[in-house]
DNA sequence: AATCTTTTGTTACTCGGTTGCATTTTCGGG
DNA sequence: CCCGAAAATGCAACCGAGTAACAAAAGATT
């Protein structure tokens, strides 16, 4: 039973891709707020309602790529190797993503990726929408943490919130390094150090610094 | 030099107040999304552009009250009594707010306050806007923490992010307790315990639970 | 009272997003 | 191969948030 996608499904995928690609291209060229959804629809030769049947909001034309990463933290925890702690697995994974120059770490100097990150981090409506995605991410991670360590829901929830928050700060920090004109060669070691600092803090708490 | 506000200024304050009050009243009665800004403007007998001269967005008709609390965490740290740690001051302050049934803690069973919180926590656009306010709060707290403990910007930024995040979770948790039908009498002790748990975790880190 | 400045109302517009309905396109079975 | 159901699209009109331009009104100043 080969389940070929079928013509209809293939066309849909192509339209979806065309919409997202064209949109991002236009947004990067002229700015997110300077391009209307009608412009995007016209460029793809599709009607406005059709565009919204594919993407529920203008922001999603940009963010669905990031949204695809959803649940990554939870998966890392669930899929960690035996004997590894949840926090250890997350730390290791973050270093890996950094080393791979994964765009979501903010550390990638491909011009297009950089422009993309600039756009996301400087456009309020995109940032706002991004937060909603993180909310889901947080829930999933909380679930994985309960599973992994048997802690109560509140503790796991608090931990998940802190971890996701820290990831966001780190990514933003990395983006800022590049935005300030530093090169990846210079920024990467700093980013690793920052990540270690952040995870040390997560693990050992704020007490040593802020409770004496 | 008595600097009386002057008629103009007084009128402006009154209009602003009327807009906010009327808006909240209508929103609570019929739902945030079921009331248009035109409705609010009409009810106050003011034109739509005038409304937007007072509040930059519909959401701010609701949130400006919360926004007025902005920088509270930073102030608590800056204004802590001698010999008190930043974290200790914040913890104590949170318990105080809880005891005072401050609406921002989520724990208040006045029907209007409850309806207000229900609205804020269940309306995505309000939630999104709230996040932006917290962002500012976070920056301010980070600044205060640098001042207070001489830590570097990254550490202070991470700490501030974690603290603000935890406050949000606690408030949301408290709101949920009430939303689930529990009374304040029952929920308050739990809320204190939750807060202690959260601050213990903040101080001592996630290591003990998630790094073994 | 005359004037200057700030605030307001009116009208009209842009843009994101939705709705209803007719039309086209794909799929599936005979 | 054809025909009908189901899905996807287009069209046109609409709603609500927010803004721009400009004229009218009201408070402040001398």
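Glycine is treated like the rest: Cβ placed from N, Cα and C.
Listed ranges A:16-35, A:36-55; the one TrEMBL annotates as DNA-binding region is A:36-55. Here the DNA-binding region (A:36-55) has a mean pLDDT of 98 out of 100. Applying DSSP to the domain 'HTH tetR-type' (A:13-73) sorts its residues as follows: 46 helix, 0 strand, 15 coil.
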